[in-house]
Amino acid sequence: MHEVGMCEGLVELIQRRAEGRPVTGARVRVGVRHAVVGDAFEQAFALASAGTPAEGAVVDLVVTPVTVACRSCGSRSESLDVLALCPPCGSDEVDVSDGDELVLESVDFGKEPCDVPGDSR
């Protein structure tokens with residue numbers, strides 16, 4: 001379940017941006033090559049964010065496609081399939097690029113400061 005490690009890193013970034021403010025939501029863009037499972041990601045985020053300002057935050061997960069360039073027919077297209085074939089001709093003679101990003105696009109904050117365990121402020 002690689003989603004746990006991914007979410008631990010995201011929560012760390014979110015905590016730095018939060019500066020003690022409660023986090024109500026976040027938008028994360030992840031490439032299809034990461035093979036993230038939505039339900040597993042949500043569970044991993046809940047686990048990683050427990051006891052932090054991000055606990056209970058709603059995460060909007062946006063999966064981005066790979067770009068498929070076909071060496072047989074010359075077409076270029078996008079696919080949400082990690083093992084993509086050329087959509088127009090079905091060839092497996094393709095070059096696949098993109099779809100490997102992991103970006104914390106935005107963080108939504110609440111209005112009231114929150115208590116963070118271990119925070120001496």
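A Cβ is built for glycine as well, from the same backbone N, Cα and C atoms used for every other residue.
All annotation found in TrEMBL is predicted automatically rather than curated by experts.
The Ni(2+) binding site annotation in TrEMBL covers HIS2. Same-chain residues at least 6 positions away in sequence with a Cβ under 8 Å from that of HIS2 (Ni(2+) binding site) are, in sequence order, HIS34.
Per TrEMBL, the feature Zn(2+) binding site maps to CYS70, CYS73, CYS86, CYS89. DSSP classifies CYS73 (Zn(2+) binding site) as coil under the three-state reduction. Listed in sequence order, CYS86, PRO88, CYS89, SER91 are the same-chain residues six or more apart from CYS73 (Zn(2+) binding site) with CB atoms under 8 A from its CB.
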